[in-house]
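Below you'll find the structure, written out as structure tokens, and then a few comments.
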């Protein structure tokens, strides 16, 4: 214990030293001080110990004795609360606190302390503290403020100081209250009690300022927050206030805070909602109502009230889903009509819904369950409101007599869902084995949900929990893992494709003869259609297995009816069509069957057309909805299943026609290509093969011999059919690129694509800005009351509106270190609000213009008019000349007086007269202008500095010199004589009074003009390259371009749509620590060094900003804590960190504050001077309050509570962000241990930074249990979404960024919710992204370009005209109320919703939402920059798409969309991955077909008759496959985007550069990644979130790491393709020889090389010899290391090998793997019959003999591999046996070669045959692992697996090692990888080599 005590003493001393540093301003930021920040949670929740200790810290310097009293009281409170120190951290806290107290006592220098006088000391200090800080005056001001609602404090610094004073006072009062109980009742005690009584009765200030609140201080009015003064907020508070008509609350019901009771208190009492949930939703409703009121634009009233329209809008929007639910189930609403209920009832219902939703936890994912709960509770509430006294609810009544909504309503549902979650076995169990969120929710889509009753019956089916292995039934859909979902979900597409293929093939085989016979054959489409529909019905029946017991009876009836209908129908149609064919063959004139057939098909087609129109066309759909005819409804129900979601999925007729036209063009192109280049060329070869006579096959043929060469025909047609199924995506890509490019050009994208164009068009920016981004309120502001409304005045007014925003944008660029101080001065624009009579433009437009104009004037020999025309040829030169003239006049007049001013006035009068008369060249000697300018700049050079006596004297002399030059050099002779003889001037000059004293500039306007004029006259170089930084240029170019794009008009901030920003965070990097900056990787590269080389200009700007020189070392920055912190932020802002995201999103608040400030909404303030800009808005309480009313930012840091408890740096960094951004809120999940059985309670908490920099708890809402039942990210979002506010919510990932110039446009974007975008208002607004990680490397550039084309051009077309844009990730903006009442902004069921984001789009679309896309605003986004990161990301997305195939959302959209919209949806979601997989499968199909022809000998036999190897169809198919494979069609939208936004030449250059950087290799490799993960996910599952890491990737990846990651996804498949190619070349036949083989298979060879070597080509230092040697050693070590329990796959091959088999879990999966593995036996089967040894023998026995040889070889391998572990005698015998066996085997081979036909090539052929057979056996053994383990063969299997991996690794490693011998290869690779960096002059070679010498040790 003594040791612990000593440690605590040292800790306390360190804490005190930090506090002293902090108080002197030397610490980083204000952080939780010492023990005040270390109060254990168990103590902090029940007491104010932390506040008391913080107060002790605050007054330590004023009165240490009082600080000691406070610490002792805190210790006493801790002791009373937990005397045995049982709580976590309590003992340590007490020990530390006692140590602090002893230190304070020790400072008394041995003097005794009379503790009896502590109360008196504390009382005296309390009175002194109040007087010192004017607390009584503050209270009087507060009273006046409350009465008037005006005169609000405008000093933010004073506000913060006031809050600290109140916090300290509150702590003093609390301690006084405790100590006064033992004080003398007649002395100090009485005074204290009187004071406490006065405070409790009349003083609300302390509680108001210190009561935790989120946005609006509802618990008590606050002096430091202006938001409560806004009339709409006061009206909202008044609207929910308790009235006499409500049931009376009991007298003992406690009202929290200093407020009056309201309807939320009544709901809390009746239903037992949690207090913090009530507080949270009270604020939620107040803000919702106030914002709805403000958007009505109703003029303010003295008695603010909420308009009835605002209440109705909120009511209908919040309860919209509930109203639709009641209508769907045909049940009565809880109210009869909207008009029949009063305003209070509406607000009660909305409040009840919010409270249910706010406490529903995971049940929020069940929106219709929430509707059910609301429906039942609203009926209860309706009955309770009729009582005179408030009565508690029966449904929420607990056994103890209290009420608890959480315990009685939510917990039973949560426990059932939790039990189902256990069954999913961490996502490994089949989806059909357990109920997910959708299954629970869809229970409430049927009237059967009312069987649940109210209060809920625990024995109901809904609440039944799984028992043992017996599973509970699904609801209406079962996610069986099968590819058949693709067929079932998009059945119409496959029917259409199959029938079109069938029809085109018939036409081709009929040689395009369109006669009656051809027509009859074409009618075979009828049976095809019927049979495929019957197959769909059969699949419906099969795939519904597992849901029959819970499914609706109507749904099951529909299945049965359709199954019977299509079963009988298909049989009938087939029978009749057979009769038609018989009539045709018999040439019978009786065509009765044909007529019947036509009648049946025609009738059915007519009915389909009618029902299709009724369901899909808007007008007809409305008609069908109104029809209640049972007959009609029955057929509509049969035609299309009726769900609660998915109804009304139709679009406006014009939109419908657009996407139909789009697809008609695509389909016409596709089928034209298919017919002429795929199908028709195959007709003749097919007929030829069928007509071939029988020939001798090379092997033992089983199928083709007796079936007209069936497999030969299949081999011919298979690759063509594969391309036929996927090439529609090619045509879609081409047309979408064209349409997207045209739409982008129409939207004016890319008009301003260079900084030169920014310069040229800058003059038009202010007007464009004012028209789009300035609200009408600001436009009405009269900037110049006396100015006439001419063009000049309007331009100046526009410039005055534009300048504050532009300057703030430039300032933000400087803060981000993209520009230097000089560039900031050049880019800033004057306010244009002064008296100068013309527009002042930024200096970067005017630089050097004056000097050029002077040169023109000095060289001018013509008239004044000609000179002026020459100057006006450059409009900015004209602006510069005019501004210079007027500025000189104004500055001189402000500096001089008396005679000097008269001289100035006379000079400018003469010049003005000369200009008017056109005689300026006569009046002035223009050749002397240069001399005049040099004298004047000497004067301004002094005036821009701080005034001193010496400078004042020098300025007077400079002014006199200027006077001399002007008078005697510049002016004409006559004018000079007039001035010299001017008596007043001459007298002053002779007396020495002329310019003896000048007035130093003090007016801010004059100071700014002097500085600007000095720069205008002295900056000689042009500013064409300003700014230099490429990112700054890009941002300014895009912002300038967006000003001319179509966007909604901005409304005033007070009337705009309120919104929240929402960021989920887990454990990613928040802020790089100092040690992380300096720590080096294995190459000697630190993050800081890397960034200094990548961003050298930004590093220089950073040093300039913090006042350091360019030579400053890293160690120098660490000496200053402030600079060290700034360095951490500088680095973090260049990574993908939370700090970067938070900074970017907080620009929204900054923009709103600026906009609100300029709109002059004040509290009793009539005018705000624009000259106070740009800093005035940040200190305006009104602007801050208005911004907070409209904007909320919540970061959901899921494990922040754990990070705090574990003292992790992430928690400290998050707290640092809270301190930096006062509007930032952090939500997290907090868990507490309760009881002795390890049970935990979970809370959802929201915190903000308090006045002491500590995280202050605002809300703490108890959860029913662990919230993570499903996927982590959506669960993280769900628990925190209750803390968001507003009507919109922008979802932002923590790898994103934002910019101030884009934040300014946010209110325009939000107005899109009110715009017309079809027949429905938007529910999700898509936003353009800019990928900011593209400049790091070539890989990052590829990924950036690919991503950019998708998020711009791709989504542009998806949104319009295709109308199928979904939510593909952040930063889309959601209609918040729409989505929170419909299940949230994502789905969370385990594994099936792994791609949680896109399901928000699915859900929104199915629930009649509308998703748009807008490109006038952008948000930054980081992407993965290394190949491994990219592969993991693409694997995650591909796996997620594999799960989407199985989902009910995709099924319903595929079924319910109209045909053309369904095709758009398919080919832009899962269909993209299907087509990707088909691209790879085409290679397999082609090569296996060719190998079959080669092995069988059919190619040689057929080639004599038809040259198949070069036929047109095969060439077309393979060429299309190759173009897709290398990414040509992926690059088409990319190139179109380049052309649009960069220009044609830059686009061509960029595309060629990408090709030289091997982008085709990258795209081919990515093709394999997507194919592998997509296919494996559908076959076996295993989709999971893959952490890619978002750091800076320049380090070398080891060979073993790459092998582990890509072995099964790429390497194995590449070796298989290579083997097929080798066999094809060895045994195939073609007339063209080997060259024809190569040309035909070039795409396949390219695929092999890309898949095998891309990980090493794109690996930094991948061909450096030393790295290669180290990689080989590491790989061998990993390969030979034995695995074991707990050994990870990164360390041992055996562990990795076991992990790679984990996806094979089910019997179905094993059967599928078995079937797929059988293909490898084909190699041995074919090669055996091609050996010289076997000659022409093709008996089946020969194949059997080859197995005997294989068994012998395996036995020999086992013999050589076996090594006994014990007896040395056995080892000796084994070695002897191995030697004998070796010699025998070699002798037998030699004899066989010598005496038989066995040849050396036969030996190699045997190896080619046995290797795939061995792999097949190995794959089967892995598949049936359990059986092999039972047989004891698993060890042998594992050793053979090791041999295969070793062999594959050596085959890959050998070329890498060979190339590493040549140094130039490594240099070339570095250039290849980092070309982007080289083009910017960066030192990548230094980075790769490391820089250890430059880093201090």
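Each residue, glycine too, has its Cβ placed from N, Cα and C.
These figures come from a predicted structure and were not determined experimentally.
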Which listed span TrEMBL calls transmembrane segment, if the choices are 1773-1796, 1869-1892: 1773-1796
The domain '1,3-beta-glucan synthase component FKS1-like' (344-457), counted residue by residue under DSSP: helix, strand, coil: 79 helix, 3 strand, 32 coil
Annotated stretches the transmembrane segment (1711-1728) and the transmembrane segment (716-743) touching (3 or more Cβ pairs under 8 Å): no
Distal contacts, the transmembrane segment (656-677) - CB-CB under 8 A, six or more residues away: 500-501, 504, 507-508, 616-617, 650, 724, 727-728, 731-732, 735, 739, 1360-1363, 1458, 1460-1461, 1463-1464, 1512-1513, 1516
Average model confidence [pLDDT] within the domain '1,3-beta-glucan synthase component FKS1-like' (344-457): 91
Candidate ranges 529-547, 559-578, 1611-1630, 1740-1761 - greatest C-beta contact count to the transmembrane segment (1773-1796) (under 8 angstroms): 1740-1761
